[in-house]
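Novice: Checked Swiss-Prot, it gives:
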{"type": "REGION", "residues": "1-22", "note": "region 'Disordered'"}
{"type": "DOMAIN", "residues": "16-80", "note": "domain 'TRAM'"}
{"type": "BINDING", "residues": "C93, C99, C102, C181", "note": "[4Fe-4S] cluster binding site"}
{"type": "BINDING", "residues": "Q289, F318, N323, E339, N367, D388", "note": "S-adenosyl-L-methionine binding site"}
{"type": "ACT_SITE", "residues": "C421", "note": "active site, nucleophile"}
Amino acid sequence: MSEAVPTSARKSRNAPVAPGPAPVLEIESLDMEARGVGRTITEDGEPGKVIFVEGALPGERVTYSSFRRKPSYEQATVVDILRPSVMRTKPKCAFFGTCGGCSMQHLDMRAQVAVKQRVLEDNLWHLAKLRAETMFAPIHGPSWGYRYRARLTVRNVAKKGGVLVGFHEKKSSYVADMTSCEVLPPHVSAMLVPLRRLVEGLSIRDRMPQIELAVGSEVTALVLRVLEPINADDEALLRAFADEHKVQFWLQPKGPDTVAPFYPLDVSLDYTLPEFGIRMPFKPTDFTQVNHQINRVLVGRALRLLAPSRDDRVLDLFCGIGNFTLPLARLSREVMGIEGSDTLTTRALANARENGVDGHTTFACRNLFEVTGDDIRALGAFDKFLIDPPREGALAVSKALAEIAQSGEGPLPKRIVYVSCNPSTLARDAGLLVHEAGYRLKGAGVVNMFPNTSHVESIALFERD
């Protein structure tokens, strides 16, 4: 006796059935993970399940195979593309689809930016019921060779013939068997195979799970996560590799605080912000933007929106090593940078001295995820804020400003520029700033910091009368 089939499954003509032909689906949109989204139609003509299809694009008609089924949705992969989108393009990378580093190489670059802009607008509307008064022109730059920071996994895999060095496979703990990477700078991509051979020759090839890379103006640093000490032969191999490939090795035996340079010792990492005459030294494990070219444009856009004057006191929250603080100091009377890490706060102060702006800057270490209205009041009056939080957003800061506004006790900045790497937390915080703190969302736009991925960076301007 066969099992009864649920009514909803019997009625959905697009629901997967095995055996038999793959179901057909019209793709309507892309979600935040760059998956095509469509909806099945029941035999009664009613909307059925939502299907998320990896590799499908809006406007396409595809067949698909589901690998995860839930009552209201399914996750699937494309089987065949029956009607391709005009936005579809040939991926540049031979490992696209297997490697998890990129998710949008099959989508035309202009369409990628348009999709990200729509994701930003949708988040603002659905989560905060907000529409920006102006949508800024997108910030974009090179599509390839832009990734100046990356964390590569190292795995000694006998079935693959030795050591693999690369990103994880898509939605997997396995390491992609990649020999090049189009989003890494060309000289780094060319090192992937030599790095494999280097690790294979080390005594600790099974005790080195990760290589973190950071590209500076003059040198590329490679941080080796070493679970056991290296021996003299290992040291000789690392020195020879560094000399041949013009890189600097750092070793990390334990936590981030144990990172130390190994060889050579007479070079240092930095990036520059030429528009403001800033040279920014950093260590390879410091947070810096992945895309140096876009970062330069972003800093310029942020400062033009904030429009600091020589009379302004500016507060830079989540200031890191001073990426915005130091340029602001060139244009403002005084800038205070606040960061949650003692290490980064110390680095920011050193960078201010390096660039001769320490007379206009002060720095403090505070937990900005627990800040209150009283904490903001205690800092004194600031004319403008720049907020650049991590993915978690600036919820406590936004609540603190809302509390100050509603109490009427304490000064508020007349202008805020908010740089975001997560559109959903930006929308949440924007809702507080507008609906509870009395600001207007004057403008917002995307920053294509990570081309060929679904990552959405954005910038927003808030003003208060």
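Going from the start of the chain as shown, residues are counted 1 onward.
Including glycine, each Cβ sits where the backbone N, Cα and C put it.
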Novice: Under a three-state reduction of DSSP output, how is C99 ([4Fe-4S] cluster binding site) classified: helix, strand, or coil?
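Specialist: In three-state terms, C99 ([4Fe-4S] cluster binding site) counts as strand.
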Novice: Using DSSP, what is the helix/strand/coil residue split across the domain 'TRAM' (16-80)?
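Specialist: Split by secondary structure, the domain 'TRAM' (16-80) comes out as 0 helix, 39 strand, 26 coil.
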Novice: When the Cα-Cα distance from C421 (active site, nucleophile) is computed for each of the binding-site residues C93, C99, Q289, E339, N367, which gives the smallest value?
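Specialist: Nearest in space to C421 (active site, nucleophile), counting only the binding-site residues, is Q289.
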Novice: Please state whether DSSP places E339 (S-adenosyl-L-methionine binding site) in a helix, a strand or coil.
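Specialist: In three-state terms, E339 (S-adenosyl-L-methionine binding site) counts as strand.
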Novice: Here are some binding-site residues: E339, D388. Which one has the most Cβ atoms within 10 Å of its Cβ?
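Specialist: When each Cβ's neighbours within 10 Å are tallied, E339 tops the list.
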Novice: Quick check: which same-chain residues outside C93, C99, C102, C181 lie with their CB within 8 A of the centre of the [4Fe-4S] cluster site CB atoms?
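Specialist: Once C93, C99, C102, C181 are set aside, the remaining close residues are F95, F96, G101, Q105, F167, A176, M178, E182, V183, N452.
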Novice: Write out the long-range same-chain contacts of N367 (S-adenosyl-L-methionine binding site), meaning residues 6 or more apart in sequence whose Cβ is under 8 Å from its Cβ.
Specialist: G340
Novice: Take the Cβ of C99 ([4Fe-4S] cluster binding site) and count every other Cβ within 10 Å, whichever protein chain it belongs to.
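Specialist: Other Cβ atoms found within 10 Å: 21.
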Novice: Mind checking which of C93, C102, C181 has the fewest other CB atoms within 10 A of its CB? They're the binding-site residues.
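Specialist: Taking C93, C102, C181 as the binding-site residues, the minimal 10 Å Cβ count falls on C93.
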